[in-house]
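Written below as structure tokens is the structure these notes are about.
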């Protein structure tokens with residue numbers, strides 16, 4: 001997910017440098033994020049009830065995405081739904097680990113960091129995505145796109161840093177698992 005998001009960001013910068021429309025890439029990045037999140041939480045949350053919630057959340061997002069996708073505009077409704085589903089997935093994961101009591105130390109558990117980063121990222125950008133027209137007006141005409149994208153990129157940067165920490169911790173979890181299973 002990080003590599004695909006990085007590639008999409010590079011393409012966005014290239015298109016922006018040549019003053020070409022790159023808003024559709026923001027929407028496609030949302031689709032990629034949502035699919036990877038659903039897959040990650042599907043692996044971690046093992047019960048049928050949790051799987052139903054994950055698949056339902058992804059299905060709702062995909063329906064809204066297909067309805068709201070535009071090549072020339074940011075799909076604010078789909079991005080808002082993505083953020084709400086991300087929060088639901090993270091809260092579902094927190095509920096799962098608290099009821100199962102399988103994690104001894106949350107601070108060194110990688111999915112904890114993914115979920116915490118997802119909540120901060122989603123909550124930080126949800127308001128902007130849902131009310132982008134009311135808060136910033138028409139992004140294309142009044143020059144407020146810079147403010148909008150700065151807010152989004154700041155929260156995205158934080159989230160990707162937290163994802164990097166979680167990947168580092170995941171390596172540690174694999175090493176510990178190998179040590180105890182051999």
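From the backbone N, Cα and C atoms, a Cβ is placed for every residue, glycine too.
Sequence annotations record features per position, and here TrEMBL assigns transmembrane segment to 50-67 (among others). Panel annotation: around the transmembrane segment (50-67), residues 27, 30-31, 34-35, 38, 41-42, 75, 77-78, 81-82, 85, 88-89, 92, 96 of the same chain, lying at least six beyond its termini, place a Cβ under 8 Å from a Cβ of the stretch.
Long-range neighbours of the transmembrane segment (73-94) within the same chain, counting only residues 6 or more positions beyond its ends whose Cβ lies under 8 Å from a Cβ of the stretch, are 23, 26-27, 30, 33-34, 37-38, 41, 44-45, 50, 53-54, 57-58, 60-61, 64-65, 67, 111, 114-116, 118-119, 121-123, 125-126, 129-130, 132-133, 139. Residues or ranges marked as transmembrane segment in TrEMBL: 73-94 (among others).
Under the heading transmembrane segment, TrEMBL lists 106-132 (among others).
Per TrEMBL, transmembrane segment is recorded for 144-169 (among others).
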